[in-house]
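Novice: This is the structure, below, for whatever I ask next.
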């Protein structure tokens, strides 16, 4: 852990900003704000990234992901007093700033709002951008937390507004810390409380869906990747077909990789691949490490624009697909189905993924899904063989018994 002790903020005491460096170039930010008596008054630890879609001078669109916070500073982070509320303020990169404001009520405090500003005039980050100047996106969160509780949300949460998608995970935050001691009592976000699978409730009298989807041809296979400062950190190759039910209407969509943008991030224990196109706000594949030696698909989040103008959103952070050893890739050429919920499934074709330990931008040795089938068939084959041996033994016994009786009759 590398900690940078920064200069005191007027009226708020000393701030300690730590950047926890993982095996890959990703950063968990940790902020400890103390008052004039050096007692902790505001604490936060979290991971985040930002995906920005902008228009170019040639009237096309580009997407950039901001995930490097190695130069982050804290100027403006304060405990709060009778005139000002607590605030987290972080500056990073070339003209980026991020601010979180807190308010207090009788028995609760609130994450009141989150603001993110970026300098689209920076040609290095936003080449050929049509707009210029500082742009700011503000989200009024209004999330309430009991006093003397630390808010925890390990699951991925997103804010999507004005072409900017803010992604947060592994969040721990407490404002209005009492007696200088961060609480051990956690207040969990909804995603961390329960499985977020949306299960459709079908009344016994309800008819079947009124529309049957037209069978789709096999989707085109696309290649996707995520990069960090060390190079490629995630690889994925797959054809994707989305099946979803909305208002009793079943629809099938094939993902066209030629019109699909992709971004993501790589962390030591998690990795994110995000796809988006004209009618899909985001389709997230979140991978995780388990038992320190294997990876798997843990979470899928999707939000799509429907023809009638409504938005279809589903999330499930308790999946268990595409399991393989770390240092290898997972491959399945046959069609597979990822069941995200009763209302949403993803069919995959010619799948190969490696979300961790990518070397020189190439896939490592693959674990094929057929191995799972082999493991399932072994006991069946063994059982069938034993059954065959038993039948042969019984036949030999009855034939021998019949001959024995025939000998007695001749005598």
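Don't overthink the numbers, they just go from 1 along the chain as shown.
Yeah, the Cβs are placed from backbone N, Cα and C, and that goes for glycine too.
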Novice: Given 176-199, 200-223, 224-247, 248-271, which one carries TrEMBL's region 'Disordered' label?
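Specialist: That would be 200-223, the stretch labelled region 'Disordered' in TrEMBL.
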Novice: For the transmembrane segment entry in TrEMBL, name the matching range from 352-375, 376-399.
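Specialist: The listed stretch tagged transmembrane segment in TrEMBL is 376-399.
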Novice: What residues, ordered by sequence, lie under 8 A Cβ-to-Cβ from residue 189 (disulfide bond) and sit at least six positions away in the same chain?
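Specialist: Residue 189 (disulfide bond) has long-range Cβ partners 151, 152, 153, 155, 157, 171.
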Novice: Taking the Cβ of residue 369 (disulfide bond) as centre, how many other Cβ atoms lie within 10 Å?
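Specialist: There are 19 of them.
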Novice: Using all protein chains in view, find how many other C-beta atoms are within 10 Å of the C-beta of residue 332 (disulfide bond).
Specialist: 21
